[in-house]
Each structure stands twice: as structure tokens, then as C-alpha cells.
Amino acid sequence: MCLASGQYRPNDPNKLLHKCDIYRSKEAGAIIKKIMESGSSENWRDTLSLAIGENKLDGSALREFFQPLEEWLRNENLRTGQFIGWNYDGDYCKHSIETANLQVYGGFYNGANSPVTSTLMLISLLSSLLICANAYLM
């Protein structure tokens, strides 16, 4: 819709995707109309193909749209030293984690339990012991 309305052009710094505004765009409205006309009477892929010429969904446009926010968040987290992520719990997803440039602390063999997790486990263990003791004494 952004391409059709002329609000976005790939690799043009003056027509960025996150600045696209299709409000009152006749071209974008025509695409929406084509999609809405068929309702549920046709397969969604056929409807999409008729409306925009493609029958596959692709998340790359969403990644491009949110790229400025992602860059800002990454820089802000580096600036403030914020920890964003989760504890590493095994090598089975190591490749996907590394290719996504995610921050991961700890490792499979060195535990990497947080103090909060350890405290919750201790409270859970003590609660279980108290329940068992009460049941035994009754």
C-alpha cells in the first residue's frame, strides 16, 4: 500500500517505510477494497495475489518498518548498560541465537541462575517441606 501510494521507495532516504502515511490514499484504498470485497468466499492467498500480485506473506517489511526503533533501543541499551535477554540454557539453539545477535549470559555448564530464581526455588522447597511436615504431624 505504501509502494502503491508513492509514500515509500526502497533505498530512498526521503521515502522511508516508517514514515509512510496512507491516510486518504486512493491507491491504498483500492488495494484494501480488493481485499475486503472477497470476504471469506475466496482463499486468502488468492485474494492477496489479486490485490498486490503476491501470494506469500513476508515479515521483512515489518522488520524494515521497526528498524529505526530497533537501532535506537540497541544503542540506548548499550549506552545505559541495560541487560536485555535471558539466561542461556543450552547449545541446542546456539546457532539461531548467534545469528540473531541476541545478548545471552551464562552457559549450559556453568548454570547462570539468577538470584531471583535461586530465591524462588528455595522458598518453593521450604514451602513443600512445611506442607509435608504439617501433613505428617496431623
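Just so it is clear, glycine is given a Cβ too, placed from its N, Cα and C backbone atoms.
Here TrEMBL annotates a disulfide bond for CYS2; of CYS20, CYS93, the partner residue is CYS20. Of the listed disulfide-bonded residues, namely CYS2, CYS20, the sparsest Cβ surroundings within 10 Å are found at CYS20.
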